[in-house]
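A short worksheet on the structure shown next.
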Amino acid sequence: MPERTIADFKRLLADQPTASLLAAAQADPRKGVQQAYQHYLRQAEKQAVLVTRFNQHMRLERDFWAHGGQYVAGIDEVGRGPLAGPVVTAAVVLDDHFDLLEVNDSKQLTAKKRAALMPRILEEAVAVGIGVADAQQIDQLNIYEATRVAMAQAVRNLSVRPTRLLVDAMQVPVPIEQTRLIKGDAKSASISAASIVAKVVRDHLMTMYDQVYPGYDFADNMGYGTAKHLAGLASLGATPIHRQSFSPVRNAKRV
């Protein structure tokens, strides 16, 4: 058998290498082979970290399934703090076939990574529900209660009825048993997936609002009170999507 080329090693190491191939790569003195081997080791280490984290994040769901539960929904929200735009919630039901290792708290992911994961979550999840509370509801109810209403809406919009909810530090007003978790999006894959879905949906809405209401930099700040947003408020006044109960919106003129 002819000696493997450096290109051969690079190709084979990138595709589930056998133990014998790894041993051959480790023993090969050529610089190019050693570089390819070290790259494989770094990638394997990263993959192992992802697998470990994923298994930790699936622990609550797997425990629920092991005790006879069928559908557990993770719920999260995005947009409680901004001065403008809705609060968006998502409820996501997974099963034991779910294997997106990169799913994590949406705040730990780039916009590009969230956008890439979103369709895969929608494809692999058993069910996904969305809830939205607009600025008017937020002003009428307060942000906490509006978020709870939106979470209940997300649960109702699921195509299956969950028998357990995993919620990030809130109580959802639905007659379903709930487990409240502090920083749940870092502890549950279902909540992490919900945080990604809610974030992508809300960012898309705010990007659309940026076209409707130019001058506030919504596509960049997503409604949060950045310097450009506050400058827009001062010069243009508040829009219909601004939360009138939030300072400094309260004293701004209306568009």
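Just so it is clear, glycine is given a Cβ too, placed from its N, Cα and C backbone atoms.
According to Swiss-Prot, the domain 'RNase H type-2' annotation covers 70-255, on the basis of sequence analysis.
Residues near GLU77 (divalent metal cation binding site) in space but far in sequence (CB under 8 A, at least 6 apart, same chain), listed by position: VAL87, VAL88, THR89, ALA90, THR147, ALA150, MET151, ASP168, MET170, ALA198. Summarising the annotation, Swiss-Prot assigns divalent metal cation binding site to ASP76, GLU77, ASP168.
Put plainly, the binding-site residues ASP76, ASP168 were compared by Cβ crowding within 10 Å, and the winner is ASP76.
Cβ proximity to the divalent metal cation site centre (mean Cβ of ASP76, GLU77, ASP168, cutoff 8 Å) flags the following additional same-chain residues: ILE75, VAL78, THR89, ALA90, MET151, VAL167, ALA169, MET170, GLY184, ASP185, ILE191, ALA194, SER195, ALA198.
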